[in-house]
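*Asks:* Sharing a structure below in structure tokens format, with a few things to ask.
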Amino acid sequence: MISCKNLCVLRQLPLKNCRRHYSAIQSSAALLSVRPTKWTPKPAAAGGAVSAWQQRTTAKQHQQQQRRSLFSSSRMQAKDYYATLGVAKNANAKDIKKAYYELAKKYHPDTNKDDPDASKKFQDVSEAYEVLSDDQKRREYDTYGQTTENMNRQGAGGAGGFGGGPFGPDGFSQNWQFRSTIDPEELFRKIFGEGNFRSNSFDDFADSKFGFGQAQELVMDLTFAQAARGVNKDVNVNVVDQCPKCAGSKCEPGTKPGRCQYCNGTGFETISTGPFVMRSTCRYCQGTRQYIKYPCAECEGKGQTVQRRKVTVPVPAGIENGQTVRMQVGSKELFVTFRVERSDYFRRDGADVHTDAPISLAQAVLGGTVRVQGVYEDQWLNIEPGTSSHRKIALRGKGLKRVNAHGHGDHYVHIKIEVPKKLSQEQRALLEAYAELEEDTPGQIHGMAQRKDGSKKATAGASETKTDAQPAGRTADSGSQGTSRAGAETESAKGQQSEKSETRRKDQQTGGESGSGGGFLNKIKSMFN
């Protein structure tokens, strides 16, 4: 026989009140390799008193059984917030917010009145976003399957001897039920506005306290003149800055933080879950070793709040469309991207600008000056005689200011000759006279006949067209008036034909002393005499 005492020593079993005996036939090796699945002390005799050790042993076994069952059911019933939002566990904050943005619109009760489960789905999506959008809550959820706020609700006691552990006051695991601190409807209104889905609601949501809590980017609209000359513009942005009430101390004014009572000021805690022991950063002080008994009511003990501020953004002169500048706002950085409107007059090419300058036919032939609008001031442009259309004239240094370099760009002016569409009788007569004197005309001119000697003369119907360049399809009355006028002009042209020939012969004989212009002036004088 193996004594009960030796058997208990080998198996590390308690000796007190042990009355069990084992047969020597059983192999000692088998006894050492197979431990009884359940050991219970021999009950006391009827009417006998139960010892304190027996009571503690029975209670401990009961607690272990309850702990296994409840802890397993808690894990099985825990919600997978990543699956709720349809994102991966390594998804960044932008992907999480985008997923919530789409699902919130999809499952909102106002847009799914026929779906009885829409309200429940909308609540689940809001719960998942509230936890995963907060870095601290997400870290705690990934580690423990719940957050500190919910663990605090479970009461003191539990693993490691610290309150708020994964087990309740009796050492039993409790199933975590989410308790949102933000109304899902309020969160939805912050995103989409009141009563409608705005096109820019997602941008507003990013600047709200339910988004990232920080105005990281801002798009500013500018006119061309504002971008060219520079301007200071005031904008309202949401920034995360030091709490004005507690000045960043996280405590109510007049109070101070004390040593963390959960980690004893070490910043770490030890959590025991069955046979496993884990040492990690304290969940209550986050490694700061301090415990805030009276947290600030304004910032809820975070030391920072989302504040609406009016910020003056200095727009540099010459800024281009799509450029981004960085500026400091409190303790954070604000990135401002500029969106410059197109100008109806200026065409921009970097620091250079291009404009069109219309000039008359006389200015193009004889030369002159024209006033053009510049970027910063008007400029007088000199037109040389014989300037052709689409000629490009450069005004050096009159363009836009270079943002990242010294100096200015150039202003290029493109000449546009405006041909008159309506001519008076005198203007048409002058042009016909000039056409007769023109010698290098490519092709033919309407209303001009070619002589044998190479000269040109106006035909009978050359001047019959009205000064407003009326088309050929006229009414009967206008046609009759044009016919009578054409007959009169034909007789006048015949009477002047001999005079034209004589004038041309005199010009040729004089060797061009007065130039072709002399014959041209005589022609004009004869037409108006």
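Even glycines carry a Cβ here, placed using N, Cα and C.
The transit peptide annotation in Swiss-Prot covers 1-22 and rests on sequence analysis. Annotation comment: Swiss-Prot describes 230-308 as zinc finger. The Zn(2+) 2 binding site annotation in Swiss-Prot covers Cys260, Cys263, Cys282, Cys285 and rests on similarity to another entry. Marked as compositional bias 'Basic and acidic residues' by Swiss-Prot: 497-508.
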*Asks:* For the zinc finger (230-308), would you mind checking the mean pLDDT of the predicted model?
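*Replies:* A mean pLDDT of 84 is what the model gives the zinc finger (230-308).
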*Asks:* Helix, strand, coil residue numbers for the zinc finger (230-308) per DSSP?
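*Replies:* Its residues divide into 0 helix, 35 strand, 44 coil.
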*Asks:* Including all protein chains displayed, how many Cβ atoms other than that of Cys263 (Zn(2+) 2 binding site) lie within 10 Å of its Cβ?
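*Replies:* Other Cβ atoms within 10 Å of Cys263 (Zn(2+) 2 binding site): 22.
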*Asks:* What residues, ordered by sequence, lie under 8 A Cβ-to-Cβ from Cys260 (Zn(2+) 2 binding site) and sit at least six positions away in the same chain?
*Replies:* Gly267, Cys282, Tyr284, Cys285, Thr288, Arg289, Gln290, Tyr291
*Asks:* For the recorded Zn(2+) 2 site, whose residues are Cys260, Cys263, Cys282, Cys285, find every other residue on that chain with a C-beta no more than 8 angstroms from the centre of their C-beta atoms, and list them by sequence position.
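*Replies:* Neighbours within 8 Å of the Cβ centroid, excluding Cys260, Cys263, Cys282, Cys285: Gln261, Tyr262, Asn264, Gly265, Thr266, Gly267, Phe268, Glu269, Arg283, Tyr284, Gln286, Gly287, Thr288, Arg289, Gln290, Tyr291.
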